[in-house]
Amino acid sequence: MLKHLKQVDQEVFEAVSKEFKRQQEHLEMIASENYTSYAVMEAQGSVLTNKYAEGLPHKRYYGGCEYVDIVEDLAIERLKKIYGAEHANVQPHSGSQANQAVYFSQLQAGDTIMGMSLAHGGHLTHGAKVNLSGIVFNAVQYGVNPETELIDYDQVYKLAKEHKPKMIVAGASAYSRIIDWAKFREIADEVGALLMVDMAHYAGLIAGGAYPSPVPYADFVTSTTHKTLRGPRGGFILSKAQYGKDIDKWVFPRLQGGPLMHVIAAKAVAFKEAMTEEFREYAHQTVKNAKVLAEELKAEGLRIVSGGTDSHIVLVDLRPLNVKGNQAEEALGRANITVNKNAIPFDPEKPMVTSGIRLGTAALTTRGMKENDMRRIAKNIVKVLKNLDNEKIIQEVKDDVLSLCSSYPLYPEWTEYYLD
């Protein structure tokens with residue numbers, strides 16, 4: 001394994017090897033990251049990368065697709081079974097492209113959409129001005145209540161009544177609480193809007209029964225496959241049957257060309273894994289870990305946005321320690337704890353500075369970590385945040401992190417190949 005890469009391109013091999021070591025020796029706490037299984041990576045690295053397969057299964061524009069058809073059929077049927085969906089398209093290369101396909105399948109340029117503000121925890125593709133969704137469409141943004149820091153459903157209702165959007169978008173990238181999908185459906189119905197849910201962050205938790213499913217309520221559900229779902233990097237779309245043909249033609253040929261069949265194979269494997277009892281246990285443990293992490297950080301003097309979490313996400317307000325998000329990200333990185341700076345609702349700081357950090361427990365849980373490990377990690381995080389420039393303290397934390405990581409080895413079967 002990797003011997004050919006090492007022989008052909010030493011520079012790339014060395015970069016890959018160093019990244020393998022970084023993943024082994026760091027606590028991965030970026031909420032959108034996770035570790036795929038050996039099987040998922042083997043599927044993605046298979047000969048399917050050589051095959052063009054424009055079109056849909058059994059309706060291809062190329063010959064020789066009989067075996068990739070089997071793979072895509074498996075991915076579609078497994079995905080529909082996991083979420084109880086009527087229609088599924090597994091070809092989107094990313095969550096962003098999945099969202100674009102839904103928008104363009106139903107909307108015209110200039111139509112009004114409503115999505116959660118990026119500044120309050122939404123995603124770029126939900127109508128942010130710098131994104132295509134906010135350029136092509138008239139985007140109205142809702143947010144959280146300043147007191148509770150929970151989605152302000154009264155505001156959502158008022159904005160919907162005022163602006164009459166053709167589509168309402170629910171879902172977020174930095175919102176830790178349960179989203180009331182039924183409430184969004186009720187509001188959408190009242191104003192005659194379609195409802196799209198972007199469940200990218202929560203998809204794995206939903207598959208494992210640890211977070212409510214939006215599928216019974218939404219006309220369209222989009223997602224990535226690589227966050228809590230633990231698959232390869234990619235996307236998918238679920239929809240009511242009546243929208244299936246529109247979705248399919250907007251994914252191909254209107255937005256994409258040939259699907260990535262090696263990635264679709266990896267998606268199929270990940271979907272099979274997501275139907276196991278082991279995956280269900282992982283999903284519930286991920287939420288348990290996040291709750292313990294949040295409580296421990298609160299006990300150490302930090303403020304948790306909204307007061308806690310119902311998911312894998314913990315959004316931390318650093319202002320009680322007079323620390324900025326970019327400072328925290330950099331210092332924690334020196335201690336081998338990988339996080340990302342993140343705006344908090346009503347943040348006075350600039351986006352590249354921020355007053356907060358976003359933490360996630362999915363990758364740690366995949367490694368096998370549990371509640372006591374979260375308590376240990378929380379104490380180390382706070383120790384760094386209180387000693388940003390104390391290299392002795394940061395080294396002590398790094399040593400403890402290395403010890404913890406060694407107790408939960410990552411890809412042990414591959415170590416000799418990557419670190420040869």
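Note: Cβ is positioned from N, Cα and C throughout, glycine not excepted.
If you look up Swiss-Prot, you'll see LEU118, GLY122, HIS123, LEU124 marked as (6S)-5,6,7,8-tetrahydrofolate binding site, on the strength of sequence analysis. Annotation comment: Swiss-Prot describes HIS226 as site 'Plays an important role in substrate specificity', evidence class sequence analysis. Annotation source Swiss-Prot lists N6-(pyridoxal phosphate)lysine at LYS227, citing sequence analysis.
Within 10 Å of the Cβ of LYS227 (N6-(pyridoxal phosphate)lysine) there are 27 other Cβ atoms, across all protein chains. The binding-site residues under consideration are LEU118, LEU124. Their Cβ neighbour counts within 10 Å are lowest for LEU124. Within 8 Å of the centroid of the Cβ atoms of LEU118, GLY122, HIS123, LEU124, where the record puts (6S)-5,6,7,8-tetrahydrofolate, the same chain has further Cβ atoms from GLY115, MET116, SER117, GLY121, THR125, HIS126, GLY127, ALA128, ASN131, ALA172, SER173. GLY122 ((6S)-5,6,7,8-tetrahydrofolate binding site) and LYS227 (N6-(pyridoxal phosphate)lysine) have their C-alpha atoms 16 Å apart, to the nearest angstrom. Counting every protein chain shown, 25 other Cβ atoms lie within 10 Å of the Cβ of HIS226 (site 'Plays an important role in substrate specificity'). Taking Cβ-Cβ distances under 8 Å and a sequence separation of 6 or more, the neighbours of HIS123 ((6S)-5,6,7,8-tetrahydrofolate binding site) in its chain are GLY115, MET116, GLY171, ALA172, SER173, ASP198, ALA200.
The residue listed as 'N6-(pyridoxal phosphate)lysine' sits 19 Å from LEU118 ((6S)-5,6,7,8-tetrahydrofolate binding site), taking the Cα positions as reference. HIS226 (site 'Plays an important role in substrate specificity') sits 21 Å from LEU118 ((6S)-5,6,7,8-tetrahydrofolate binding site), taking the C-alpha atoms as the reference points.
Under the DSSP three-state reduction, HIS123 ((6S)-5,6,7,8-tetrahydrofolate binding site) is assigned to coil, being neither helix nor strand.
A simple way to gauge crowding: the CB of GLY122 ((6S)-5,6,7,8-tetrahydrofolate binding site) has 25 other CB atoms within 10 angstroms, across all the protein chains here.
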